[in-house]
Amino acid sequence: MTTRGRSVVPSAAESHPPLRVALLGCGVVGTQVARLLTEQADDLASRVGARLELVGIAVRDAAAPRDAAIDRSLLTEDAEGLVARADVVVEVMGGTEPARALLLRAIEAGAAVVTANKALLAEDGPTLYKAADAAGVDIYFEAAVAGAIPIVRPVRESLAGDHVRRVLGIVNGTTNYVLDQMATTGMGLEEAVKEAQDLGYAEADPTADVEGYDAAAKAAILASLAFHTRVSLDDVAREGIMSVTAADVAWAAQTGHVIKLLAIAELRDGTSAGGSAGVSVRVHPALVPTSHPLANVRGSFNAVFVEAESAGELMFYGRGAGGAPTASAVLGDVVSAARHRVLGGKGPQESTYAELAILPASAAVTRYQVRLDVDDRPGVLAQVAHALAEHGVSIEAVRQPTAPGGADAEGGVAELLITTHAAPESALAATVAAVAGLDPVRTITSVLRVEGA
Ligand SMILES: NC(=O)c1ccc[n+]([C@@H]2O[C@H](COP(=O)([O-])OP(=O)(O)OC[C@H]3O[C@@H](n4cnc5c(N)ncnc54)[C@H](O)[C@@H]3O)[C@@H](O)[C@H]2O)c1
Ligand SMILES: N[C@@H](CCO)C(=O)O
Ligand code: NA
């Protein structure tokens, strides 16, 4: 046998009967999974020790037009029937139902399952993990977080001997593209979202991306793995990018930052400024210093920065979306699950032993940059500074620079940019309300968190 011109000696395990693979869904990702299973059949057989036989592809409409790479004789509208005759079930249909029911049926029938469905895992992963544990089968989901980038396996397996302290990720390609375009061209948010849609990055309905739901689902999955604690979508404090303005982006550049939508999961020991012990998981736009590796993640790329006690800082970078990149992650999982079928062994189970408290959004501790328009007269700065001090929020720097957008100094209005030291979100919220109520304060233009400093 040859593979890509090299001769391959069949291993003893290749006498193993073929493993039957069922594919649920044949969209962007499913089409590429089917193509790779076919095109790379010989390599996969050598790596697994058994041939992977695609026995069917469940679709909604078997008569609909398909990519030429799809063998139409494999298409079926009977997903349940297909699941019943597979050793490995790959779910790339998305949505909660029937994906959940089909995966449970597969697990109960003793099949290993591979899914890219972050929405389902973030909402109800534990039901699937428990079922897989009870049935003694593998459940793999590398493609569910940051597409092609190996991040689930590193956190779940490679770092299993370490203590993860913090995960900081750009895990949504659409919003990273939008923010990057705003930074490089000066365009407004709506125009950049429209461009992302035209280029096919954003969905026709980009809500899950721009409102941060997609990133929040990934944050929940990563936090669960990193901290051995169940974290669901509802536990994630979420803010999307819709309120980020061109002026925010311009100001960020002036102060040596870029704005990124970050997914943050961090362990708090409760000893620092106003903090409580537990896990804080949140998604929001943040100012990232241009010197931080995440600041250089451009376009629709993703990256995840992990800080672990012994390993130190790690960064994972690559394509977080797209048919072929995501299918690469799916295939890696299929090979892992299939190897266990051939050689024995089992992938990791859900690990929730730590049972850490999930902290409310108000307990998050971070630095802030607050921009405000004030009356340009003596004593105003002192009044503002006093309001911050009264709420225990310490000022790191105050600037009154030339505004990129052009503050109306002639009309007696000055723009102030205040950067704080780390403070709990609750203290900052109270402070902002107090500052907004001061007589000389005209408007609080923006409040942005500063991360990665
Ligand atoms: N596209 C990406 O870049 C990407 C990246 C990472 C993860 N994912 C995840 O992968 C999954 C699939 O994403 P996609 O981009 O391929 O979506 P898609 O919409 O292109 O494909 C999903 C396909 O599943 C089919 N489908 C839905 N319900 C079905 C049912 N009941 N029976 C049969 N077929 C059904 C749809 O008709 C569609 O063709 C989602 O969970 C998504 O979150 C996608
Ligand atoms: N909509 C997602 C696709 C991958 O989950 C993104 O923009 O990153
Ligand atoms: Na991944």
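We number each residue from 1, going along the chain as drawn.
Cβ coordinates are placed from backbone N, Cα and C, and glycine is handled just like the others.
TrEMBL labels come from automatic prediction, so no person has curated them.
The active site, proton donor annotation in TrEMBL covers LYS218. Per TrEMBL, NADP(+) binding site is recorded for LEU24, GLY25, CYS26, GLY27, VAL28, VAL29, GLY30, THR31. Annotation source TrEMBL lists NADPH binding site at LYS118. If you look up TrEMBL, you'll see GLU203 marked as L-homoserine binding site. Residues or ranges marked as domain 'ACT' in TrEMBL: 369-452.
On the structure: features taken from TrEMBL.
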residue: LEU24; record: NADP(+) binding site; Cβ contacts under 8 Å, 6 or more apart: GLY30, ALA58, ALA79, LEU82, VAL83, VAL89, VAL90, GLU91, VAL92, MET93, ALA99, LEU102
residue: CYS26; record: NADP(+) binding site; Cβ contacts under 8 Å, 6 or more apart: ALA34, ILE57, ALA58, VAL59, ARG66, ILE70, LEU75
residue: GLY27; record: NADP(+) binding site; Cβ contacts under 8 Å, 6 or more apart: VAL92, MET93, GLY94
residue: VAL28; record: NADP(+) binding site; Cβ contacts under 8 Å, 6 or more apart: GLY322, GLY323, THR326
residue: VAL29; record: NADP(+) binding site; Cβ contacts under 8 Å, 6 or more apart: VAL92, ALA116, ALA143, GLY323, THR326, ALA327, VAL330
residue: THR31; record: NADP(+) binding site; Cβ contacts under 8 Å, 6 or more apart: ARG66, ASP67, ALA69, ILE70, GLY323
residue: LYS118; record: NADPH binding site; Cβ contacts under 8 Å, 6 or more apart: PHE141, ALA144, VAL145, ASP214, ALA217, LYS218, ILE221
residue: GLU203; record: L-homoserine binding site; Cβ contacts under 8 Å, 6 or more apart: THR174, GLN197, ASP209
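Set side by side, the binding-site residues GLY25, GLY30 differ in how many other CB atoms lie within 10 angstroms of their CB, and the most is found at GLY30. Within the model, the domain 'ACT' (369-452) shows a mean pLDDT value of 89, rounded to a whole number.
In this structure, VAL29 (NADP(+) binding site) is part of a helix by DSSP. Classification of LEU24 (NADP(+) binding site) by DSSP places it within a strand.
Not a single one of the recorded positions among THR31, GLU203, LYS218 has a C-beta coming within less than 6 Å of an atom of ligand 1. For LYS218 (active site, proton donor), other Cβ atoms within 10 Å of its Cβ number 31. Annotation note: LYS218 (active site, proton donor) sits in a helical segment as assigned by DSSP. What surrounds the NADP(+) site, by Cβ distance within 8 Å of the Cβ centroid and not counting LEU24, GLY25, CYS26, GLY27, VAL28, VAL29, GLY30, THR31, is the set LEU23, GLN32, VAL33, ALA34, VAL92, MET93 from the same chain. Here the domain 'ACT' (369-452) has, by DSSP, the following mix of helix, strand and coil residues: 26 helix, 32 strand, 26 coil.
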